[in-house]
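Going by TrEMBL, these are the annotated features:
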DOMAIN    45-295  domain 'G-protein coupled receptors family 1 profile'
TRANSMEM  31-52  transmembrane segment
TRANSMEM  64-91  transmembrane segment
TRANSMEM  98-124  transmembrane segment
TRANSMEM  148-168  transmembrane segment
TRANSMEM  175-192  transmembrane segment
TRANSMEM  198-220  transmembrane segment
TRANSMEM  241-265  transmembrane segment
TRANSMEM  277-297  transmembrane segment
Amino acid sequence: MSGLNQTSTVVPEFLIVGFPGFRDQESRQTLFGVFLTVYLFTLLANMLLIAIFTSDRTLHTPMYILVCGLAVLDIAISTNTVPSLLVLIIFEYRIVPLAACFTQTMFLSGLFATECFLLTLMAYDRYFAICYPLHYPNVMSNSHITKLMAYCPVFGFLSAGGSLVLVLRLSFCRPTNVIYAFCDFGSLLFLACGNIQVTNYVVLCIALSVLCISLLLIFFSYLRIANSVVNIANKEGRMKAFYTCGTHMLVISVFFLTAVGVMFSDRIPSVSMDIRILGVLIRNVFPALMNPLIYCLRTKQIRCSFVKMLRKITN
């Protein structure tokens, strides 16, 4: 980011100019093609997963309701950022009203926190299914898991709203150029006048709290799962439990590793702005692309349902 004019003028909009290292026509066309292809595949894969779930009533169980919810969330996260990025690449810059920037920031942060809580709920579901298999059908019903899922966006957007309230209290100066791909708390804080150190640390602490609380609860759940799986006498039962949990752990690893990597790279001065922007985009798009592939490739029941759906369509 560069070029802030530190005046007291309050601005109604600012200019996003995108990648500093991709200014020529050929580079922008390549970027446009790559991100458009990834976005379309992300939409197709997640919508396919939702279609498989809705077409097969045998999948209407708590675990697959959560997987379907994750697919909806992945579509929302990628749609919040990638289309605006594609517009930016085509026109080289994009004028964004401050209100629209706040809205995109709110949704980006809120959806990200919601996915953290949803992945935590998925770990809790597996913990209850493996550690208390006899009580699981009665306690974790479809209606109960749906109610628990409804709390995820509530807490997710509350955490995002807390950060946004702090940022809204700042004064913003007229920028010349803002080198970024879309609006988030980092770009908003860069536009603020005066000393923003306290607000920056509080916003970072809120984001880290969401990540750490989710990771601690997931770690606790899988610690208890590991202890229960070891005590399963049936080897086939142990392998099934490990396989099911392994799929979820792979999804968790993709999401949290990219999130933590971006969070720390943003605070390393030697990292170029192009790498930072690409890192944030990978955080928003890569998990959304990988999640349906992981579940389709590693979950036999989803694969069978997909085959049945294809047979219905062709017949």
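Quick reminder: no glycine exception, Cβ is built from N, Cα and C everywhere.
Fair warning: this is a prediction, and the values are worked out from it, not measured in the lab.
Mean per-residue pLDDT, taken over the domain 'G-protein coupled receptors family 1 profile' (45-295), amounts to 83. Each of 31-52, 198-220, 241-265 was scored by its Cβ pairs under 8 Å to the transmembrane segment (148-168), and the highest score goes to 198-220.
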